[in-house]
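Q: Dropping the structure in here first, questions after.
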Amino acid sequence: MGPYCAPHPLSLLVQAAALAAALAQGTLPAFLPCELQPRGKVNCNWLFLKSVPRFSAGAPRANVTSLSLISNRIHHLHDSDFVHLSNLRVLNLKWNCPPAGLSPMHFPCRMTIEPNTFLAVPTLEELNLSYNGITTVPALPSSLVSLSLSRTSILVLGPTHFTGLHALRFLYMDGNCYYKNPCQQAVEVAPGALLGLGNLTHLSLKYNNLTEVPRRLPPSLDTLLLSYNHIITLAPEDLANLTALRVLDVGGNCRRCDHARNPCRECPKNFPKLHPDTFSHLSRLEGLVLKDSSLYKLEKDWFRGLGRLQVLDLSENFLYDYITKTTIFRNLTQLRRLNLSFNYHKKVSFAHLQLAPSFGGLVSLEKLDMHGIFFRSLTNTTLRPLTQLPKLQSLSLQLNFINQAELSIFGAFPSLLFVDLSDNRISGAARPVAALGEVDSGVEVWRWPRGLAPGPLAAVSAKDFMPSCNLNFTLDLSRNNLVTIQQEMFTRLSRLQCLRLSHNSISQAVNGSQFVPLTRLRVLDLSYNKLDLYHGRSFTELPQLEALDLSYNSQPFSMQGVGHNLSFVAQLPSLRYLSLAHNGIHSRVSQKLSSASLRALDFSGNSLSQMWAEGDLYLCFFKGLRNLVQLDLSKNHLHTLLPRHLDNLPKSLRQLRLRDNNLAFFNWSSLTVLPQLEALDLAGNQLKALSNGSLPPGTRLQKLDVSSNSIGFVTPGFFVLANRLKELNLSANALKTVDPFWFGRLTETLKILDVSANPLHCACGAAFVDFLLEMQAAVPGLSRRVTCGSPGQLQGRSIFAQDLRLCLDETLSLDCFGFSLLMVALGLAVPMLHHLCGWDLWYCFHLCLAHLPRRRRQRGEDTLLYDAFVVFDKAQSAVADWVYNELRVQLEERRGRRALRLCLEERDWLPGKTLFENLWASVYSSRKTMFVLDHTDRVSGLLRASFLLAQQRLLEDRKDVVVLVILRPAAYRSRYVRLRQRLCRQSVLLWPHQPSGQGSFWANLGMALTRDNRHFYNRNFCRGPTTAE
């Protein structure tokens, strides 16, 4: 970013007036510099604002219901900041003034909130003050429903902080005292501080260094979050009156530090201590979190009376041995989710795991998480108690170092929908290996990898092309050590519908026999492997296969001289989605793909340019895909796209992606060969202009993306004939303007026009500004992301931040023209007159010059700005006080019409000028220079510089302008003062000690300042300075 030049104040005034007038007329976006979003939300995030913006009176401020000011630099909130937003309900002020520990540069910051800031908004329901350096709870309106004070500097909550907040239901105050926001103490919640909040249902006090449960909490609470404090004992009285509690989180209070991902305090020996009756009275409890609590065993009494418990989190404890023999699960018949992850023994990986029989009593269990327990073998005895659970749908076993797995055991689970065995060491049905897969958190629902996910242009109908696995039986074996696949692995898994095998090392040639048992398989992910596609009957054993991901299997395609057979595609009758992306396919593949069912093909990341360069060999490569709707040809190194290439694409195409190629030219008229095309993506290419013709008439194109090219010119009327175009992306190009003639009547139907990140030329009166204002409902990010590229001082700024100094003023232009014409005439006349009558002019000039000094001198005397320039040492407070309260008052205020004009540094010096410029102007613009001295033995700084300038004036103008005022007799001992008193007594004045002599002093000082010093010199010694006549 270049240096910023501050505009002239007058320019800012004119600019502000012009913007205010424009806003009053309703032309500019109503909430500049912020952005108005649907449902009355105003977004002011990341604008580096230093104060709350004051929106124009012409803006529909009454319609604003939500204001977001996240990540600005607002350090002071005033009483009047939100008064004009009469219907504001949601206010977000996160990350404006973060505490030192949370600041990126660790700078301390404290936010100031005036008393009536929020009281002035009686409709406010949700307020977020998180990540701000506030030390106390501000005054809040009674309408507040949700309040967030997390990651602030509030360390004390007292009874008066929430007075009158009877409607408050949600209170968040997390992270006010922890390792990232240190405070060296515990947050203090006074007993009964929250008791007055009769409707409070959700209270979160995580990461606050608490050592006990706050006393006398509101009985209305149904959610209490106290995790990651230091509460190591729990007794019934801690939760005595919380009978309505539904969710309780007390995890992380006595941590297991060998698995901690952040600074951790070791749990004391024999802790935590939980009283047997701690939870017995919480009959409505549905969720209990005891994770990361250093538990070695579970007491049956802890769960007595918890008949409604549905979610139990016991992860990150030491319960490995206990889960093989516990009996506590027999009575938890309503439990739906159980988390036992990372209950491993330190530095131990067990050969087998056998769950306790009591797991069979979890008849309502739907999800069981057991990743990170570290056992090497998964057999039919491992999960036997779970096989009869009628509702179990999800089972997570990832990251367990399993190298032997009998996958057939999952066929015995009647309702199982998802099994996650990713990040293990499975290499086959019964052959262990020693390698360890990468650690991954796992996923609950299978999703396509990022490389396969359809982009924005495919989002409309993506559901038609990519079947979802959310409600189907899914097995995830990704990130294991599989090298080959045998059909024995999938015995009894005929119900399986989704299989994920990505990120393995499968390098075998699939021949149609590997997946024989999986007769119902619909989705197969084999990405990031090394598959050899040599056989023509690959995957033909899967008659119901709808989606096949073969992306990132590039190694076989990079082998020189090895052929690849893609004819299997024609033999998959149900295949709808196929990905061959990022395989580097360039030669020795089937000459043509054929399929009557395929609707979406991802062929990105290959080398189609090399294939089409081989004459007509691969010209019809895609033509056999008769019902193809979506085709992705991104990153195929295409430099040209000839009409015959488009002509041999399927006529059924609706979406075509050509992103990130090297296309510098596109024949727009050739779009007629794709009559069904609705979306075309040409982003990230090298197009310089949209100039060769226009979009053809009759095209069904609805979306066109040409962003991230180098387009600097568009032919007028280019988009006119595409009357169905709804979305147009021209962002990140080289456009200097946006011309309404490009679109014609299309502007009436265009829903999205993205022109952000273009170097627009913000000249005054630019036509594109008016056009974009007319289209502002269709232009995303108009007020923030549509910026200027020129002139230089506006680069990167909003198009509405124009500097009006750049505007063309016709009157000023005529004046400048007249002045330049006069200068030209003078430039011609002066040499001519010098040539014709130079001697006469020279004589007249010098004759006039002889009279100028006296007149100039007299004129200068009359036009001096000040009678005296007062110089004194500001560091001496007594002297400064005398000058301001005695000298100034006597000479300027009490002399009536004879008042003198004094020049004082603090008052009369011009800001912006250098010290020497102000000093020189003060000495030469004053009749006298008066030095007010308290001592004369050490004179330096401003006094010395002023004295030297006065002496310089004596030498240049032969004027003695020095007047000395001595406040103490001790200063009278100076040799210079004594000499000057003998030569020019009236210019040296002593402040009298007796009040009776002060009247005479002021009279003598007035005479010394109004008369020339020449009249004061002692004629016995000298005549004083004289001026040449």
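Note that Cβ sites are derived from N, Cα and C of the backbone, with glycine treated the same way.
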Q: Candidates are C257, C267. Which one does Swiss-Prot pair with C264 through a disulfide bond?
A: C257
Q: Look up C97 (disulfide bond) in the DSSP assignment and report helix, strand or coil.
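A: Looking at the DSSP assignment, C97 (disulfide bond) belongs to a strand.
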Q: If you skip the near sequence neighbours and keep only those at least six away, which residues in the chain come within under 8 angstroms of C257 (disulfide bond), Cβ to Cβ?
A: C264, R265, E266, C267
Q: Could you measure between C254 (disulfide bond) and C177 (disulfide bond) for me? Cα positions, answer in whole angstrom.
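A: Pair distance, Cα basis, whole Å: 17 Å.
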Q: Tell me, by DSSP, whether C254 (disulfide bond) is helix, strand or coil?
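A: It is coil.
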Q: Just checking, which of C267, C469 (disulfide-bonded residues) has the fewest C-beta atoms within 10 Å of its C-beta?
A: C267
Q: Looking only at Cβ atoms, how many others are within 10 Å of the one on C183 (disulfide bond)?
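A: Counting Cβ neighbours of C183 (disulfide bond) within 10 Å gives 16.
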Q: In the predicted model, what is the mean pLDDT computed over the repeat 'LRR 11' (332-355)?
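A: When the pLDDT values over the repeat 'LRR 11' (332-355) are averaged, the result is 93.
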Q: Write down the Cα-Cα distance for C788 (disulfide bond) and C97 (disulfide bond), rounded and given in Å.
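A: C788 (disulfide bond) has its Cα 30 Å from the Cα of C97 (disulfide bond).
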